[in-house]
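Novice: Take a look at what TrEMBL says about it:
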type     : residues : note
DOMAIN   : 500-763  : domain 'G-protein coupled receptors family 3 profile'
TRANSMEM : 503-526  : transmembrane segment
TRANSMEM : 538-558  : transmembrane segment
TRANSMEM : 570-593  : transmembrane segment
TRANSMEM : 613-632  : transmembrane segment
TRANSMEM : 658-681  : transmembrane segment
TRANSMEM : 693-713  : transmembrane segment
TRANSMEM : 725-748  : transmembrane segment
Amino acid sequence: EPLCLFYWGRPQSMTAIKYKLTRTFSVFNSINLREFRYAQAMIFAIEEINNSNSLLPNVTLGYEIYDSCTSTVGAMRAAMALVNGQDQTAHSGCAGKPVVHAIVGESESSSTIVIARTTGTFHIPIVTNKNEFPTFFRTIPSDYYQSRALAQLVKHFGWTWVGTVRSDNDYGNNGMSVFEEAAQEEGVCIEYSEAILRNYPKQRITKVVEVIKRSTSKVILAFLALRDMEVLLEEILLQNVTGLQWVACDSWITARYLAIPRISAVISSVIGFTIPKSTVPGLSEFLVKVHPSKSPQNALLKEFWEASFACMFSQRNETTDVKLCSGKEKLAELSNEYTDFSELMSSNVYKAVYAVAHALHELLTCKQGKGHTLNESCVDKANIQGAQGEDGEIKFVTIGYYDASLPAGKQFTMNDNNIFWAGDPFTSVCSESCQPGTSQAVIRGKPICCFSCIPCAAGEISNVTDSTKCIKCPLEYWSNEDRTECILKKVEFLTFGETMGKMLTAISVIGASLTAATGLIFFHFMETPIVKANNSELSFLLLFSLILCFLCSLTFIGRPSQWSCMLRHTVFGVTFAMCMSCVLAKTIVVVNAFKASVPGSNVLQCSAPLQRLSVLCCTLIQVVICALWVSLAPPVPNRNTAYSTDKVILECDVGSAVGFWAVLGYIGLLSLMCFVLAFLARKLPDNFNEAKFITFSMLIFCAVWITFIPAYVSSPGKFTVAVEIFAILASSCGLLFSIFLPKCYIILFKPEKNTRRHIMGKMHAKSH
């Protein structure tokens, strides 16, 4: 077992020097050079203090060094040897004079906790929970911060799928517990977590390596003590496990063991944290001057010399081929862990000794009357410069740092440009990152780092990598094809520029033009019998209203606005009411004219003023309905987002459904009256059968508008407007062609029938 840690105490008399080094046991060639250097650093610090005229003048410090041999039992034995009584204690049950006044050590957490619990009861200071360890102080940062820093380091490189191996003791278990908690906060998942110790059976170590081989993660965090790591690496080497990225804790990241060619072949890529390097002035010279001849009674020093130079001071058996030590070997020519003078732990041992010295100095120089009991103190905090120097400069080379004292978000800093990877940087994830436009979907039974990438639904986006959910676009926005951003929905309405708009506009203009042409024909042939017989005044008024009906359809095309919405519905309602009023009056005139011509008939003649009054009254009723509609709940532009997901339908909301259907209902009532009267008068003489044409026109009109209702309700978007325009144009054409086309045909192509005799001939024949 290697030498691991030392305990230093104050001798019984502060004015006497007592050097004592005891070891529980030793094994040849297994000495820990790093820990031996710590012991020498402690001795160097004590000698430096003893030679100081300002710190503890006229007081000489002594020490005792114990080897725990990496064993908590050995650490406990050393602690009990030191704690064998106090002159001043918190309890009166202890007897005997004190052996030590302070203890420096250990480097392993497990042994340190054992010592702290043992010596804390006797209030012997050890150089963090002050309630549990009231006399425990540290010069090495807590592993709590290292564990959190390791979690941020792993996250920095995007390694969200890692495996972990830890020492199965307080050091490894506590450190890994903090790491797992921090990793969860950082979104890092752990595929497996194994625990080993150097004295575990080989089968158990082999099983851990087999778990590593079967895993899918390519990154391993090894929170191990150096000797535990060496045991693991030997098995890794034996099974030839390569191609892994190792993340190290400070206990083994700087170990020269990793530089051995056979080890570096399987563990070529390692990154981790260590404490910044520091130089203790004079320590390097002190370390290289160590020689067994200067301390003949120090058996440990001889063992160190033999291990460093692979020699022996005396031949232990005749069969060995190891050379004898000459004593002329030079430590300055060595390059090993003992001669790594800048390694910080030595500096911390140095500082620990100085902390004890400053505390003793303050106690000894405390003024009379102030007292220095356990409950009272006259000690001020000492500003220990140690190896740092007056200018506070520590020289080291680093690729990043972690400082828990900084605000959140600034604690971890990394300069990736200073990293030289053994090959390409490693990638270790359970699932590849979800690109923008997708979201993560957790796979049942697996950690949160294992997920599927689900494309965002239409109308939802994700604009960051590894989004956990898709964000729904605002009401008038829609997702682009990649589902990475919300874009304004296309606003849709019937325009003059599109094909449908052009066709409807053309039909409207052609219809109005044909109506105007019909009016011109009637005006030109106004004195002919067929024009006179059809009541020219009502015919011209009907033609005028038909022109308005054709043209009012144009108000339905284009971008809806406040005024256009009101105009399109009111103009439509009034013009069609006027048109139906004219047809109704025309039907009544035709019926009355025929009845009046029958001998013995007493039917009242429908004069022109009465005809105009009837048309005006019927039209005014519609005007009143429209006025009430517009004043109470007018039609307004509406952005309809409910119908279509990817576009906004810009339409005219009717405002009041009652008003809208009242307008249509009144037009329907007028058309129904026209149809009934015309149908009843269908048996008029053939030559004067105006009622038959009106009946046919009303059939077309009613058929169009009855069909319009379900088509209007079910048509999507701008097609709703197109259906309404089509109904207007179709019904207008039906009236124009049914009532006026036959007459125009006779006027233009059958002028011989445009005579009073022909018109009245059959009428008289049937009347007799």
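Cβ coordinates come from backbone N, Cα and C, glycine included.
Help me understand the surroundings of these features in the structure.
Specialist: Taken together, the residues in the domain 'G-protein coupled receptors family 3 profile' (500-763) have a mean pLDDT of 82 on the 0 to 100 scale.
Same-chain residues lying 6 or more positions outside the transmembrane segment (538-558) and placing a CB less than 8 Å from one of its CB atoms are 493-496, 501, 504-505, 508-509, 511-512, 515-516, 518-519, 522-523, 531, 564, 567-568, 571-572, 575-576, 578-579, 582-583, 585-586, 589, 611, 615, 721, 724-725, 728-729, 731-732, 735-736, 739-740.
The list of residues near the transmembrane segment (613-632) in space but at least 6 beyond its ends in sequence, with Cβ under 8 angstroms from a Cβ of it, reads 538, 541, 566, 569-570, 573-574, 577-578, 580-582, 584-585, 588, 655-656, 659-660, 662-663, 666-667, 670.
Only residues 6 or more beyond the boundaries of the transmembrane segment (693-713), in the same chain, are considered here, and those with a CB under 8 A from a CB of the stretch are 583, 586-587, 590, 664, 667-668, 671-672, 674-675, 678-679, 682, 720, 723-724, 727, 730-731, 734-735, 738-739, 742.
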Novice: Using a Cβ cut-off of under 8 Å, list the residues of the same chain at least 6 residues beyond the transmembrane segment (570-593) that approach it.
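Specialist: Counting only partners 6 or more residues beyond its ends, the transmembrane segment (570-593) has Cβ contacts under 8 Å with 534-535, 538-539, 541-542, 545-546, 548-549, 552, 555, 603-606, 611, 614-615, 618-619, 621-623, 625-626, 629-630, 663-664, 666-667, 670-671, 673-674, 677-678, 680-681, 684, 688, 690-691, 694, 697-698, 728, 731-732, 735, 739.
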Novice: Near the transmembrane segment (503-526), which same-chain residues lie under 8 Å Cβ to Cβ, leaving out any that are not at least 6 residues past its ends?
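Specialist: Non-local partners: 494, 496, 532, 536, 539-540, 543-544, 546-547, 550-551, 553-554, 557, 722, 725-726, 729, 732-733, 736, 740, 743-744, 747-748, 754.
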